[in-house]
Number of protein chains: 2
Amino acid sequence: MSDTNIIKDLKSKGLKLNNSRMQILELFLGNHRSHSAPELVELLKMKMDRATVYRNLNFFVENKILDQIQLQGETPKYELAALEHHHHLICKHCKKISSIQSKSLENALETTTNEIKDFTITDHVFEFYGLCKDCLNNEE
Amino acid sequence: MSDTNIIKDLKSKGLKLNNSRMQILELFLGNHRSHSAPELVELLKMKMDRATVYRNLNFFVENKILDQIQLQGETPKYELAALEHHHHLICKHCKKISSIQSKSLENALETTTNEIKDFTITDHVFEFYGLCKDCLNNEE
DNA sequence: ATTGCTGCAAATCCTTTGCAATGTA
DNA sequence: TACATTGCAAAGGATTTGCAGCAAT
């Protein structure tokens with residue numbers, strides 16, 4: 001979905017996009033990366049209050065515009081809600097997050113789901129930690 | 001590794017197990033489950049200070065006696081450092097955590113690791129959310 | 001005597017909340 | 001007018017820290 005479609009989609013859901021919400025959304029549309037709440041509060045500190053940032057992040061998550069993702073040992077991050085199912089690669093060195101899709105993983109998930117008898121899996125989170133190419137090259 | 005071996009292992013690492021540490025460890029050895037810091041603080045509140053609980057949890061994590069695991073939207077939990085590699089099943093209803101091992105998942109992980117060119121995976125976290133048998137039966 | 005561990009209280013960080021004021025349909 | 005959204009300040013929960021005293025080697 002393109003950026004303008006995201007906005008259309010919001011309106012079709014009857015959601016109101018006022019100034020504050022637009023400014024938060026623009027940050028995400030501008031770089032398609034993930035941001036933590038404290039990071040956004042800092043970026044927007046001259047434009048709106050901390051409470052407004054938090055309230056609108058929650059609003060976006062409730063309305064499935066943003067996903068909240070919780071990586072190991074970090075404060076939650078937000079990213080544009082995934083249209084395609086994907087997983088995260090987190091560089092332990094530079095902390096950059098990239099995403100992947102893997103057919104073999106999804107197949108294995110299906111197998112696992114069927115294997116398990118006394119639990120019904122409805123959702124899953126796979127996270128991969130390691131080193132991105134840049135950090136691997138610029139090794140210290 | 002058996003419980004007494006865990007303690008031997010600690011000593012062989014030159015780690016000191018004083019009273020406080022022993023009491024914390026006993027909670028984990030007693031039920032082999034995961035506990036959050038606030039939960040442990042509560043359980044141990046007549047025996048030691050909150051700061052001691054936190055300091056020793058960090059001590060155990062640094063020394064790889066406990067693992068810290070961060071589930072979606074919850075405060076971190078601690079569990080005995082995995083002797084066998086495993087993953088977590090989290091019941092969305094009662095929040096109980098159980099663990100699984102899956103050959104197919106590990107195989108898929110290997111395939112994925114090889115597929116990916118510009119990132120070197122060293123660790124991974126797979127979490128499964130859903131409903132446990134009990135909650136599925138006692139449906140509301 | 002030196003080093004490490006503890007309790008206590010205060011501080012810090014992240015997030016939420018109450019309330020009065022403002023904006024918008 | 002009615003309802004949603006904001007800013008501000010305060011509160012809340014989890015975790016860390018400074019410091020003085022105690023424990024152990």
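Using the three backbone atoms N, Cα and C, a Cβ is placed for every residue, glycine included.
All TrEMBL annotations are machine predictions without curation.
Within A:H35, A:H85, A:H88, the residue that TrEMBL lists together with A:E106, A:H124 for binding Fe cation is A:H85.
When Cα-Cα distances from A:H85 (Fe cation binding site) are compared across the binding-site residues A:C91, A:C94, A:C135, the shortest belongs to A:C91. Chain B comes close to A:C132, taken from the binding-site residues A:H85, A:C94, A:C132, A:C135 by a C-beta to C-beta distance under 8 angstroms. Residue pair A:C135 (Zn(2+) binding site) / A:E106 (Fe cation binding site) shows a Cα separation of 28 Å.
Looking at A:C132 (Zn(2+) binding site) and A:H124 (Fe cation binding site), their Cα atoms lie 23 Å from each other. Here the binding-site residues are A:C94, A:C132, and the one ringed by the most other CB atoms within 10 angstroms is A:C132.
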